[in-house]
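Below: one structure, written as structure tokens.
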Amino acid sequence: MLKKYFNNFLLIFLILFSAGVFMVNLRMNIFRYDNFDFGKFDLGNMTQMVWNTMHGRFMFLTDYFGTNLPRWSMSHVDPILVLFVPTFALWQHSLNLVISQLILVIFSSILIFKVAELELRSKLAAFLFGISYLFYPAVGYLTAWTGFHGVTVAIPFFLGAFYVFEKMYKTNNYSRKNLVLLWVLLVITMMGKEQLPIYVAIYGLFIVLCRSAIWDILKDKTKLKGLRVSEILKTLWVSKNTKLGVSMFGVGTTWFVVAFFILIPYYAKYRIEGFEKFSKSLGLDTDIVRDVARPNYFISRYEEFGESYTEVIFNLFTDPQKLVRVIFGGDRIDNFRKTFEPLGYMPFANPLFTMLAIPDLVINYATTAGGIGTSEITNHRISMVIPVLFISTIYAVGFISYFLSLYLAKFKLKQSFVVILFSLVILSLNVLKTFEYNNPVYLWITQAIQKRISSVAYAKEDTETARSDEVKVGDVLRLSKLENKDRECANKIIKMIPNDASVTGPDYLGAHLAKRETYAIFPALYNEADYVIVDVFSKKILNILDVDLSLVKDVIEDLIKSPNYRLMTGCGNLFVFKNVGNYGKEQLLPLQEKFIYPEKFNYEIFLSLHLVDYEYPQKLSRGESGKAKFVYIKRENDSLDDYVLFLTLINEETGEIYQVANLPSFAIKQLRDWVEDIYYEETIDITLPGYLDPGSYKVFVGMSNVIRTRSIYLGDIEIL
């Protein structure tokens, strides 16, 4: 027993090291989830698809424009997600998928070990490659930053398929059990993303070229003499590997053609119909966003090569000058270096296998649209490139070591020594580059300290102001600025949304509210959803569509005017409206302009904006609505661009701060548009959330932007 453990000591140590890496990643991902770093795109979408599949709606999700449709309508085919339905049924949480990906990707180090041990016949070299994989910078970004993607969880299945075939090839054991296992792993790999069948097809060609009888014929030139071409082809076809390779090529090519040229174009119509409905609801010109109407939503990323599949493919192959210019333009050379440098560029010594990564390398590096970053090592699109490069490097080390050992035989250097030396160099490069490229997994201590510092805002407090007797009505203070992602507020709002409600809200709430049939990104479905969660700072869809960002203001104004939507609560930058039907909402707009107004006060908030009158309820119960009135005048023509008015309540006992933006002055007429010497009367609905502690609170009204903030003390309010 001890001998068995000793023989497997390196593998056991690798497993323990992998477990340590897993625990660090687990801690980081839980923090990122709690910090709302994972949004609807992409973890929320993945969770929604698994949840919908579990409830009979196979691979359905809500797209950018609020349409519930199958995944293929969004130009992706990754049914590998169905494999996670059983575990998701046991624990229905977005982190279920994240943890599953961590396990599959991190413990792929064991498969790297097995492949290296099989080829290099050295446990030490295999161990060094397994550790190198865990230090490889792109792996760290995959596990720490990307959440969950089908193409990423395909990594171990591809490695497993390669290992099973190589073991069959080296042992000449093509049993039915091994072949079935190989095909199962290959099919699951192809399920990872629409382009992965091309990996399998090219792998099939590799097997035909490098693992069939052709090499036996070429080695023995005497066999070639007198043989006709037909006899050579017949000899090749008899080979099991030739048949297997051709089958893989056929299945992979067919799957790719069906996914790219049938499924995606056919289901694109649902995306286009949804976009037309979305555009109509917002009054957008559909002609300005041509990408949405194309058979593949992402084809515009290659617009310099053409506007259709045929044009892009044709120009990629017929215009090599442009292809080289694009691939090596911008920051792509740096991305290329970060991809290959940790492996010492060894994959280029094994080009026949490295060619398996061509699909993703072309897809990632040939993009001509700006600001996408598909070739960066921080992007999940590098996922399947990684196992190909590691396998190529392992085999490159093998045959380079073999030839070097022959050349250096006079120095009595064994091949095993050269193999270990090369493996050690690869590990050293990965360790060096993982810190140079800021691999987040190995910088987690520094990041954790920074996150703790930034997370002080999680539950903001100001005990000094709360308990001070020196603060007088009209005093101007620099309180905490209005948060643009109030995590405590967001958590409270998530808990108040019913599980069966349709919701539209900001992207960053999407992973937390994904377990429902409909979760759209605001402003999609703003006039249909059961609940509308408004983030006054969130503009994801509008940035994607490149339309006027003032559209958010107009949509919120429509919500304020809508007779069917009631403001349920607000905190920080978030407001929750519920569709309650027509409830007799007051028709007078909550922001009125007046040329004459009897001023009661003259408190300057900041930049010549003065508060001249205000009223608010002296007592208010949590969950109930009360009205507050504020009257402002802009005395001089100072710029108020990017400023937002907001209300602050500070608990006089605990110092806990509650803040909420003033919605009317954001949605109806923003501060940047206010005119000098005009009075603006703003009426806001104060609906205090139930999580506030009862007690006495100091009341402030203020203005804030990203840099500066000022607030005026108005008095106290009793929260019941």
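For all residues, glycine too, the Cβ spot is worked out from N, Cα and C.
Copied over from TrEMBL, here are the features:
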TRANSMEM  6-26  transmembrane segment
TRANSMEM  97-117  transmembrane segment
TRANSMEM  124-142  transmembrane segment
TRANSMEM  148-165  transmembrane segment
TRANSMEM  177-192  transmembrane segment
TRANSMEM  198-218  transmembrane segment
TRANSMEM  244-268  transmembrane segment
TRANSMEM  352-372  transmembrane segment
TRANSMEM  384-409  transmembrane segment
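When each of the listed stretches 6-26, 177-192, 352-372 is scored by C-beta pairs under 8 angstroms to the transmembrane segment (97-117), 6-26 comes out highest.
Taking Cβ pairs closer than 8 Å, the transmembrane segment (384-409) reaches residues 108, 112, 115-116, 119-120, 125, 129, 132-133, 136, 138-139, 142, 151, 154-155, 158-159, 162, 192-193, 196, 199, 339-340, 343-344, 346-347, 349-350, 353-354, 356-357, 360-361, 364, 415, 418-419, 422-423, 426 in its own chain, all 6 or more past its ends. Same-chain residues lying 6+ beyond the ends of the transmembrane segment (124-142) with a Cβ under 8 Å from its Cβ atoms: 10-11, 13-14, 17-18, 21, 105-106, 108-110, 112-117, 152, 338-339, 342-343, 377-380, 382-383, 385-386, 390, 393-394, 397, 416, 419-420, 422-424, 426-427, 430-431, 433-434, 437, 439-442.
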